[in-house]
Structures are given as structure tokens and as C-alpha cells.
Amino acid sequence: MYRIRGFEIHDGYLDRHAQSSVFSAVQEIARAAPPYAPMTPWGKPMRVKMTSAGRLGWYSDRRGYRYVDQHPDGIPWPPIPEVIMEMWRDLVPGGRDPECCLVNYYGEDARMGLHQDKDEADFAYPVVSVSLGDDGLFRIGNDTKGGKTESLWLRSGDVVVMGGDARLRYHGIDKIRFGTSTLLPKGGRINLTLRVVT
Ligand code: MD3
Ligand code: FE
């Protein structure tokens, strides 16, 4: 484990076997709650496809960003699979369980601009991120817009814990290196973020 700007980077946290187990769990979530491209508040669909597991799922439309208790098709979000819960309990011991596991799918040209995650009620809880599949170039900024940023490649099996001082840092994914991993049969990158929401 090493730290950059308060982010705990657990590189190689999941070995190949564990990555396959977590990927199977993600496919189970995607079967119950199909990934979709959320509409941004400014009316453009996101390039990253998303779905969620847990009591609450992250959602966006013309009215803004928020957590909702159902998939846009009106189905309840599936429960967070146990293999995913185990990672949270290992890395964030003794606290509440996450209420949301947001699943992000990055195809060849998908990226996510620099943003803060502040739709949650309690910033004392960290966000845990799990990367699967192709490499993604992760950019870390500051607590306000602008200033110098640092970038690092996240690889399949890497886990990042964003807590304490790092919880409100600007961050994003600039690009993925399509085809760098054989974990996902169709290529691309999956990121899971585990969050306490309320
Ligand atoms: C830092 N996802 O879902 S994960 C997101 O790879 C998101 O899909 C990116 O940013 C991805 O909101 C980056 C790393 C991450 C996630 C949540 C954070 C970094 C964070 C919350 C607070 C601070
Ligand atoms: Fe984020």
C-alpha cells in the first residue's frame, strides 16, 4: 500500500482468481439491473455506463445527481454481493456497511471528467474503489477546482480507499488503455465504488 495526496492505493489487492470472482458478482448485478448511460443535468448522456447494487443507487438526469431506491426501469437494486462486501469490511473495519455499490463501465472512448463526490451525507466514511479489466488513467486534483494534478494508471485488481483528507478531492479518469486486460471478455474497464450514503 502507498499513499498519494491522501489516497490509499492498494495495488494488486485482488489476485487474478479474486478478480474473476468479483467480475462474476458484477455480471450478476448487471443481469438484475442493466447498465445504462445516465443523462447529465446539462442534457448529454454520459459515456460511462452505470448501474448499482445496494439499498441506494446513484442516479442522474436533468434534475441533477442523487441517490434513488430503484433502477430507472422501476426494479429494485440487487443486493451488494458478499465478495464485494468482504473487501469493504477488510479495508474499513468496524464501521457501517456500504449502502451503494456503484458500477461504472468504460468502453474504448469513455472517460470521466474531474469532479468531487459530495452527494453523500457523511464524508467521515471513505469511498472504496475497485478496478477490473483494462488499465485506466486516474487523475487526482485538489479540494477546489484548478491547481496541479497527479496521474496514475489503475490496473485490474487495484483498490483505492479515499478517506479523511482525501474524501473531497477532485478526481477523474482521463482514458482507458483498451485491450490491456483479458479479464472482461469484451474488453473495457469496470470500476466499483462502495459508499455509505445516508
Ligand atoms: C475520490 N469513479 O464513480 S474511482 C466515481 O474509476 C468515480 O470510475 C472513477 O470517480 C472510476 O465517482 C474513479 C476513484 C474514486 C472514487 C470515488 C472518490 C475516487 C474518489 C470519492 C472521493 C474522492
Ligand atoms: Fe468520483
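Quick reminder: no glycine exception, Cβ is built from N, Cα and C everywhere.
Model, not experiment: these values are computed from the prediction.
The residues of the domain 'Fe2OG dioxygenase' (97-198), classed with DSSP into helix (H, G, I), strand (E, B) and coil, number 3 helix, 47 strand, 52 coil. Taken from TrEMBL, the feature domain 'Fe2OG dioxygenase' covers 97-198.
The Cβ of H171 (Fe cation binding site) has 23 other Cβ atoms within 10 Å, all protein chains considered. Annotation comment: TrEMBL describes H115, D117, H171 as Fe cation binding site.
In sequence order, L114, Q116, R169, Y170, G172 are the residues of the same chain, not among H115, D117, H171, whose CB sits within 8 A of the CB centroid for the Fe cation site.
The least crowded of the binding-site residues H115, D117, judged by other CB atoms within 10 A of its own CB, is H115.
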